[in-house]
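K.L.:
This is the structure I want to talk about, given as structure tokens.
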Amino acid sequence: MEEYEAQLLVVEQALENAADEAQRQDLLALKNNLQELLALTRDTEDGAPTDELPQQGDDLDDELQRLRSELNDLEAAGSSQTALDEERQLADLRTKYTAMVGEKCSAPHEHSWGTCYHNALICGVDDEVVMSSEGVLDARLRVLFTNPTHREMLPCSYYLEGECRFDETKCRFSHGALVTGSSIRKYNPPDFHKLCRSRPVFALLPDRLWHRGRVLCVNFVEQVCRVRLDGQDHKERERDFKFEELYPLTTDQEEDDELSSEESNSSMNNESSDEAESDMDDLEEARRARMVELSLFTFKPTERLGAWEEFTRGIGSKLMEKMGYIHGTGLGSDGRGIVTPVSAQILPQGRSLDACMELREAANGDKDYFSVERKLKRAQRRQRKADEKAYVRESQRVDVFTFLNDSVLAPGESSQQGEQVAKKVKTNELQQHSTKTLNVETVRIADEIRRKQRDMAKVKQSLDRNSGDAQLQKRLQVQMQSHKQELATLQAQERSLSKEQQTRKSKNKMFEF
């Protein structure tokens, strides 16, 4: 009886934990059989004769053995069904995670002070199966952090190329961190529109690590931001970074930390009235800084800022920057003034305003019709064209020096040829030049003639001194012949100039009365 009651208790417990409907039906049938068997056993013990007891005992043993075998079969079927469910769940997880390979996510990383989430790239699925704290099966993913802040998070460049000689435990860099799939969060893309003064950011330095800092000023036109780094030397603390080298910290956790720190600071500062006044000043400065940042978002210049200082070395912008002006904001203490300079307008002299408006309407309402800059550019274009024409005219013009050098001083001509060329010089060519130019050229040619005569005298002395050397005599004869040809050419040129000067003097005498 006690064994039957124990078996009935086991069946009732199994019935409470059973989830499959077919298994529950089998357990209910077994429970009914046990209850009937217990009822029959009690009736038999009360009114059965003593000679039938051994036979009934054998029947009870057979029934108990059959009950045990059925329980074992049910337990084996339940365990096999559980194993199949776990394998199916694990296969679905692997299929899901394999499809996520190559996607960006936010993965946890264990630091000495706790766990922090960083953006990462899923690069593979690990073969090992893990069990969560709730008893749920899960797979592990291998991720590479895109914004590493510590050496152990920095991806190994040799591992990415497949050439790393160290395994994962011995390499100083990361071969990919293993994280559970359930701990993966959504990727947080950088939002550069939230860059503002005192915004915490991560900045990329040459060591390939992202260091923490705070924004000092932002230039949304050139997409450059100045950041004050935390924990750096004084000389290298403030640097300029491009937007792609920054990651704004805009998570809810950062905002909660900032709010909690502000609340604690405000509670401490409220202890004295002087500190309260300083807080009001800080709030006012923050409000003005926020207005400047809002103006940066809406500023869309049509031209490069400071283009009017192209020829002034930018002294105006430098002075304004010294006085606290931020590029891209408007003028004034609140940054609500104009951004681009006022263009100067020059109206036609002696015309009424109505006539000027009619001229502007005739030009299709052009606002820059009377602009000084446009007139200056038009004058510059006109002057440039005039300079080009003057250059072409001067390049085609032939003066007396060029004409004489090209026509008379041509190389390889004999003295007779020089005289013939000099005779063929046209009078109208020389008549194009002034008397002063002819006088200067005459003096120059006279000096050249005297120089050639001195050279010829030196060569003649050398000939007389070295009469016994045949080779030297030959070279000196060639030099003498060359000097004679050049002297003949210069003399012919001098005669042409003298003739022109004499002609002009004769004409002047003819015109005098």
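Cβ from N, Cα, C; glycine included.
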K.L.:
Pick from 83-106, 155-178, 323-346, 347-370: which stretch is listed in Swiss-Prot under zinc finger?
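P.N.:
Of the candidate stretches, Swiss-Prot labels 155-178 as zinc finger.
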K.L.:
Considering every residue in the domain 'G-patch' (312-358), what is the mean pLDDT value?
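P.N.:
Mean pLDDT for the domain 'G-patch' (312-358): 77.
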K.L.:
Just to be sure I understand, if DSSP states are collapsed into helix, strand and coil, how many residues of the zinc finger (155-178) fall in each?
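P.N.:
The breakdown for the zinc finger (155-178) reads 4 helix, 4 strand, 16 coil.
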